[in-house]
Amino acid sequence: MDNNNDDLHYCSFCNKAQNEVDKLITNSSDGLKVFICNECIELSHKAISQKKGGSFNSDYMSDVKLLLKKPEDIKIFLSKHVVGQEHAQHVLSVAMYNHCQSMAQFNAISDVEIEKSNVMLIGPTGSGKTLLAKTLAKVSDVPFAMADATTLTEAGYVGDDVESVLSRLLQAANYDVAKAQRGIVFIDEIDKITRKSESTSITRDVSGEGVQQALLKIMEGTVAYVPPQGGRKHPQQEFIQVDTNNILFICGGAFEGLNKIIEARKKGTSVGFGADISQSKEQKKKNTLHDVQPEDLIKFGLIPEFVGRVPITAVLDELDHEDLVHVLIEPRNALIKQYKALLAFSKVNLEFSDEAISAIAEKAMSYKTGARMLRAILESLLLDVMYTAGNGGFEGSTIVITKEMVELGKAVINHNNKGNVITVND
């Protein structure tokens, strides 16, 4: 068949023209254009379904969504849920786009094997590392699992082995192996399992280098044997085989002290005309972390092989007062929106003054845990209000949270409400 007709596109698999099939789907990249028709998609899915089962419609639509998501689309979605961290959003958008493209196996056309690139998120507590990873899974419509690296131990020791991470991913995918095999795993506190020293110790490092080595095996791509219900393996147990080649691993950690390692490497390079002596200590630390190199992570205590399997690094900045105000009011699932919705079920209109919102952010900053304390502050502040509203009180009323209430730590209500507005007691 002559494929030189400029007016027609052809399926790259069966060579049928676009006017011979119902649908012809292409990738959105500017490079090699690849086309696949609906008939080839159906045939491929049937071949897979005979062994693994599954629903054509859900799998087909999910795959199409993966193909059509551009980095810009991913970033727009992330920005609706995460405040700030523009650089991290940019990095993750590109990383997820490339990961989806490799999963679509366009590389099979060009005979180029594309290896996945796992991601390292470096940032202080409460800066949004976990939220970014969760939101990335949501925009990509893939299962998501999270693990705390400090709970993992190498095989033969008490604790969770690394396969337990994959068990959680299977559970998130409702034990659909094919779906789990393209999911996202977020491993938090990765900085807590660093090697204690650069020299080899004769004692076993149960939760340090040994765990890095164990994680390395599943992160670089292997067929793992996963206990169906999690927990430790035992001989009588049946295992589920999970191919980790297309699972995206995102690691996160605060890496306290990493800035000092970077500064030591750069010592002397900022002296003279290039030095900015006007920078604050916090600004200097922030800018330093953005210069992190693989050698710095190795010096910190990650083994070279592990660093090599997490080639993409994104640094998250500490949230300031303005950021915390935005966290409270701007995202699609902003905390204040959530509490207003909760009280709306009891027919109570909840409002916050601008000064109250600012005071909540100020109080959260005093804990030095980023956005993590915001919910706890609001829970304590609104406890009595939610209790009374849940019992039918305040129905049809408007409650205005003021700065004084925030400073007091709870919303003290004046039951002699005037103009349907309930205020703090004098």
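Including glycine, each Cβ sits where the backbone N, Cα and C put it.
Residues or ranges marked as domain 'ClpX-type ZB' by Swiss-Prot on the basis of sequence analysis: 1-56.
Here Swiss-Prot flags Cys11, Cys14, Cys37, Cys40 as Zn(2+) binding site. Taking all protein chains in view, 21 other C-beta atoms sit within 10 angstroms of the C-beta of Cys11 (Zn(2+) binding site).
Among the features that Swiss-Prot reports, ATP binding site is placed at Pro124, Thr125, Gly126, Ser127, Gly128, Lys129, Thr130, Leu131, with the record citing sequence analysis. The Cβ of Ser127 (ATP binding site) has 28 neighbouring Cβ atoms from other residues within 10 Å, across all protein chains displayed. The DSSP secondary structure for Ser127 (ATP binding site) is coil.
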Inset, instruction - Looking only at C-alpha atoms, tell me how far Gly128 (ATP binding site) is from Cys11 (Zn(2+) binding site), rounded to the nearest Å. - result: 42
Inset, instruction - Fewest other Cβ atoms within 10 Å: which of the binding-site residues Gly126, Gly128 wins that one? Let me know. - result: Gly126
Inset, instruction - Using all protein chains in view, find how many other C-beta atoms are within 10 Å of the C-beta of Cys37 (Zn(2+) binding site). - result: 24
Inset, instruction - Could you name the residues, excluding Pro124, Thr125, Gly126, Ser127, Gly128, Lys129, Thr130, Leu131, of the same chain that surround the ATP site, i.e. Cβ within 8 Å of the Cβ centre of those residues, in sequence order? - result: Gly123, Gly252, Leu316, Gly370, Ala371, Arg372
Inset, instruction - May I ask for the distance between Cys11 (Zn(2+) binding site) and Leu131 (ATP binding site), taken between their Cα atoms and rounded to an integer number of Å? - result: 39
Legend entry - Coarse DSSP state, helix versus strand versus coil, of Cys37 (Zn(2+) binding site): strand
Legend entry - Greatest C-beta neighbour count within 10 angstroms, which of the binding-site residues Cys40, Pro124, Thr130: Pro124
